[in-house]
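Listed in TrEMBL:
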DOMAIN    1-491  domain 'Major facilitator superfamily (MFS) profile'
TRANSMEM  71-90  transmembrane segment
TRANSMEM  97-118  transmembrane segment
TRANSMEM  138-160  transmembrane segment
TRANSMEM  172-192  transmembrane segment
TRANSMEM  204-226  transmembrane segment
TRANSMEM  297-315  transmembrane segment
TRANSMEM  335-352  transmembrane segment
TRANSMEM  373-393  transmembrane segment
TRANSMEM  399-420  transmembrane segment
TRANSMEM  427-445  transmembrane segment
TRANSMEM  465-486  transmembrane segment
Amino acid sequence: MGIVCMVNSTALLGANDANYTQKYLDSPLTENLIGASYSDEQCPSRIDPQKQHEKGYQGTLLWSQSMQAQLFSSVFIGSLVTILFSGYLADRFGPKLLVTIAILDYSLVSLLTPFLATNSFYAYLFARFIMGLAEVKFYFPYSLVNAIFQGFVFPCNSSVSARWIPPDERSFMASFYTMGNQWASVFGLLVASRLCSLEWLGGWPLIFYSFGIVGLVGVLLWNIFFTDSPADNCWISDEERWTIEASLKSESSKGNASAIATTSAKEICVVGDRHGYHSKRLSKGPVPWRSMVTSPAVYAILVGNFSYSFTAVLLQSYLPTYFKEALKMDLKQNGAFSVIPFAFQLAAKLPYGWISDTLKRKRILSSTAASKVFNSIGSFGCAFSFLMIAYFADCTNVVLVGIMLAIYGICFAGGISGFYTSMLCVAPAYTGTLSSLSLFFSYVGNALAPTVVAFFNKTGSSDEWALIWCVVAVLNILGGIFFLIYGSADIQPWAMSDDNPSKVHSEPTELRVSVAPSSCHKMEQIT
């Protein structure tokens, strides 16, 4: 929404080669693939600048489609720099500091964006790159300094999941904590569209100032309430800590099921702490790189992350542009419709997670079967929605677009209980490292999405956008098929630890848990 508000697209369209549009729309490829045409009276390709202003668009920056694609891609290119090693750092030293640095980066760049964007396109481009190094899932309008630190946050999210969430609750909790993405999108799009329409300070700079301040508040709350592991947290009870650590310990061990069942939560978590399992370093051993990069289950996660990320970034970055250019919506209608897919994702996430965990807990479906079912709902459901939009939607039928985007949102949420849950389960001790590898491919998809849009979208016509939706649909279908064949949500043999929980009963050492007055937990060994 930020870019849509900043750019004077009417002036840019007027400067385009007028012959390009007719040449492109008359081509056999467009005619055969889309098979639809829209009269200039119904969906005019040019909108009077005065009418654009009346619709609420007050952009003044003359950035071409190619320049806009560079701005969107720069964030994700920056994230590629840090994504491969940030997960390793999160596993070894804890995610708290990395996330703090990342949110500060996003906040400061957002506050500087109005100055940078109005004075130098390339300064703003570089700022978006630095933002990408951090990548925070707050709804900040994009910029390039922000890309370098973008790569820190996503692996930290996965590392936090492996340290805090019991295995049989991961589908539900992954759905729960990633709901922040949708809350941020819904809140951000609605607020951004309202701020953009204001006359004060030109409208669009208010977007960046507001969300920069929100980020600074987020840093403060993060450092007050979050710790790298349950053992260090002063805000949870002893029983809650023991339960979490017991479930994590039993997951990482190869002991028989009866030993796990007869060992109390307190015993497992104490032995786990004594052996260093729940220290700030989740995994001290060498990463089994050869096994990881040759695992079919890992490749299924990589493909799933690529296709889902390509789709998500295209919608979050370009949906307001599609509504403005192809469907001729005013700013308020644009903001309302842009919220639809994210609102329905938000509504569907928790039910998907609860249903998935229930099916696994009652042994109706195995972990792998459940992940494949929900991933298929996401991949094939999204593809159906995009094909419907490509073939039947135009500015005279915006209701259909709204319905299809709602279906997309409901289906897309299934991916969290699909490939994303798989990423949390196949190698718990190396989740941060695996997520870095996975998210590298994710950010390749993120960076390619703006390039695809810029390649097809020259004038903002409905036919050009229809081709884009077809490309996204095909990508989702291929990703869904690949995960059906190779996907898994079972811990892989190469990811097993050598600890055995049955050794708990043979330990001659007596262990005791003491609680400090501050309510933070410390372990004592009594000989």
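Quick reminder: no glycine exception, Cβ is built from N, Cα and C everywhere.
The stretch from 97-118, 335-352, 373-393, 427-445, 465-486 with the most CB pairs below 8 A to the transmembrane segment (399-420) is 373-393. Comparing 97-118, 427-445, 465-486 for CB pairs under 8 angstroms to the transmembrane segment (297-315), the maximum falls on 465-486.
If you count C-beta pairs under 8 angstroms between the transmembrane segment (373-393) and each of 97-118, 427-445, 465-486, the highest count goes to 465-486.
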